[in-house]
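Shown next, in structure tokens, is the structure this report addresses.
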């Protein structure tokens, strides 16, 4: 029965629009639409994207009660749900591993789940049931604090495009097999793995994010990689392992990625790349590499500086460069191998370099030489920002004095020296 | 109509145009570049070659009103210019979307039938923002929704209708009052009893197999699983049968629970089954039978229901604790006294 003033504006819109609206509501509000009118009773029950977050039930001070309420809510929701479920996300910090989750995953595996995100609270890791591996249509998988144990009969997720494992317990063979058995994998993110030696074979991989203690990373077959971001932590174990390794890490890691567009390294990444025999002249040019960001580069280690330089000179189309020093208080103002810079190819032109950001600069000789090199080889440089390390207040004046002397290839270049 | 026509035609005398026909039969000439932003129009032009003249004007879907079309064309005209920054586009969108709800719904419908996804996303987001945080009464006002769920509404202050088993019970008992019961009862009385018995024996069997000292939680969940699955299958087969069966169990539930259920696991399962069964039967919008057979019982239930409603409406959190603890006590007794009886029954 419509109002005298107007007829129902919304209930007869096609289900795809209703879904479009309901999916943008917090899930609680979506369920509440069931009491709007008789037509709306079950509209919420066929939405295909379910996102359960901290606010989906009322909180109270007793964590157990809230957890039970959430579990009941989700279970009942799933039971009342009709139709396929394409996305299922739980991001609830007060929910811990519980037996109901296994049932939910089983239910999802029968309902064409495509995107699954499980982020539970700190505590016992959730043991993922084997029914997850039967989700044939899975495209996107994101797990936090879980234990994964693929059964031997598992042949891979054939539709998986994106895999994100954060603090997940899984054996190295299993993770390598998982990666190589997902032929469509485009984006891979692994964080907080302990002491993992990884060899990645993924012909369609475009985006790679690694964070943790990796003993070894070998990009065996990743020709399509476009973006790499690595944060490498170091333990004594790994440091020792590195001392003994003779392979050239640079080539192992960056030797097979000609399409690279963006490279980001944190913490010990540059050190990692510097280990191993000197490759000499690099075998490949990174024609598409436009952004390089290397953090915590130690300018007292000649090998690391070489790595930085090789990268820069092998990227003719580099547009943006960001380097941060390792903010260790320099032990000496003198540095060996300064004459290396004289031998540096002066005809190297960074013809596309426009923006340079340097942070945590201590003013050590190699840093200054690098700046000099950059200024002298970038004809279209627009801006260079230098932020000195906070510990070295005295040498800032010295840095500035030297900076002023450097020849600039670009008339437009602005040097911005930012002091706290 | 003609004004907008003029505005569109004048500046682009040299531009290729497309003829469009809206649901009211009126013809309109629109710059091709702008109209082609809509996938549906694009398809019509490219694949079917329509729209080049008045005679083969593209007939737009029914849901595209002239007003909506004009808004859509404005939208397309702004966004198809490539030089604009994201910020500009966003601020245009925010201004564009300011209109009354009726127009907004018409626009959503029209954009959807023209397959213009970015605009559908924009309008959906806006509609979601309108709905979010409002009380059901407010939402009904905004969209002119009929208020035809009166009983359930009474429970509205409790806010979350999917939350508690007792709300579900309340819901169903209320619904019972206003539905025709007799036909259902006549049809299903006999099968109801059989089903009921079947369930129970399977439950007992399960508990026997799993062992009574097995983890009650585990038992509960596996049983729940089985029950849920079974309920689901039954759902697909004959709806009324199940509805009545579940109802019966539940009505008898209050007083007869200790007898029908044995071990703790079953009691728990049955309680949560009640929850699920209430949800299931809600599906069929009825679930009410057997009450007529005992008017005294019905009256008692009515009174109970009203008490319930009053209690629930008054002091919610404390009452919930009370009721839950009451439920716990009831469950405890059957476990200890009937444990042996199950084994004996099955032996």
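Indices start at 1 and increase along the chain as displayed.
Each Cβ is built from the backbone N, Cα and C atoms, and glycine gets one as well.
What you see is a predicted model, and the numbers here were worked out from it, not measured in a lab.
Now, the feature entries from TrEMBL:
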DOMAIN    B:17-80  domain 'SKP1 component POZ'
DOMAIN    B:117-154  domain 'SKP1 component dimerisation'
REGION    B:207-291  region 'Disordered'
COMPBIAS  B:220-233  compositional bias 'Basic residues'
COMPBIAS  B:242-252  compositional bias 'Basic and acidic residues'
COMPBIAS  B:269-281  compositional bias 'Polar residues'
REGION    B:325-347  region 'Disordered'
COMPBIAS  B:334-347  compositional bias 'Polar residues'
Counting by DSSP, what is the helix, strand and coil composition of the domain 'SKP1 component dimerisation' (B:117-154)?
28 helix, 0 strand, 10 coil
What are the DSSP helix, strand and coil residue counts for the domain 'SKP1 component POZ' (B:17-80)?
28 helix, 12 strand, 24 coil
Mean predicted confidence [pLDDT] for the domain 'SKP1 component POZ' (B:17-80):
85
